[in-house]
């Protein structure tokens, strides 16, 4: 086994190839159960999953390990990642588990853990659990046969989550009169999102609500918002909403078919929260990938943009550290801390719809707050992940480009925490310069890390 199990968002990989094997899942159940089991009470864990066919494999393997460790297991079935975060706290569980590979294709899967308050578990807990999994000589502290866990299917989990979501939307408003194109990516939100939005009065045009175990994220969802954009124009809809496979991220399309990224939505929501005095210190947390225009926008509003590492768990860590109530990622993870401890695509959609209803204005006129700096992101496939500082040619090129920008541009290189990729991002005021520099850097990265 390799030394590192957990990436930036838990375990993830191709099904039946290490680490995404039944054996690892079983040991993970034993390890997590051992770590979180409490002698003071009957310990319990909530397990949810998305719609991948392989979910059955890992659900059963994890359950076996958890039961053997003495944990009671509450199975909620296919539900969004943020629903499991909510239910873990709501049901007073000791921790929660989500089986999902988010926006990845069906042949991948993953496992991520939440603590008792619905936060993604910290690095320290991941490290301890990893140690137990990787140590093949580890002796498990099995409980007495009379103290092993019991498994329960929770039939009202979906209803509990819908009630919670609807309570984040003002009771004085409804979605009547709004035509919404909704793409659920054939993923975890295929039931919840249509039910919640229709109960609030919306007219829906649905895409990606017929999962078969193999079609999750397949030419649908947040990675393919152009399909939603096309449908918005065709159906003359007011807005398009594209979720990913586990429904923790959201991409929005306005009534003109223009695709809005997370930075533009963060500006809209941050301004709304500032108007309500619900953004303490006017602090917004975003990642190193967010556009410089968002930084400029917050300064103009006498606020501050605090940048974190990539990953909604790191956004939340920065939010907790700085007392921020709102944060997110350019990729569409949005965290409204008043309501949730993790990114929630549908909850974010409800906040945007509320703003549209309250101001009685089309989304295009509300979301045009940012003049985005030209930005180019190139994902380079790599066979190794050498530290950037050990590649002198690359470092010299970065230094030359940053000097040329004179403080009006940025260069960012980072390895994906879940895929064999190096992400090369260049941002500046000139489209042509940004593209030239990005391609130059990507070429150096490709040549340096191809073997």
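Backbone N, Cα and C atoms are what each Cβ position is placed from, and that goes for glycine too.
Feature annotation from Swiss-Prot assigns active site, phosphoserine intermediate to 102. In the three-state DSSP assignment, the secondary structure recorded for residue 102 (active site, phosphoserine intermediate) is coil.
Sequence annotations record features per position, and here Swiss-Prot assigns Mg(2+) binding site to 102, 244, 246, 248. Of all Cβ atoms in the shown protein chains, 34 besides its own fall within 10 Å of the Cβ of residue 248 (Mg(2+) binding site).
Residues annotated as phosphoserine in Swiss-Prot: 102. In the structure as shown, the Cβ atom of residue 102 (active site, phosphoserine intermediate) sits within 10 Å of 28 other Cβ atoms.
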Give me the long-range Cβ neighbours of residue 244 (Mg(2+) binding site): same chain, 6+ apart, Cβ under 8 Å, in sequence order.
102, 103, 185, 187, 217, 221, 222, 223, 332, 345
Protein Cβ atoms within 10 Å of residue 246 (Mg(2+) binding site), excluding its own
36
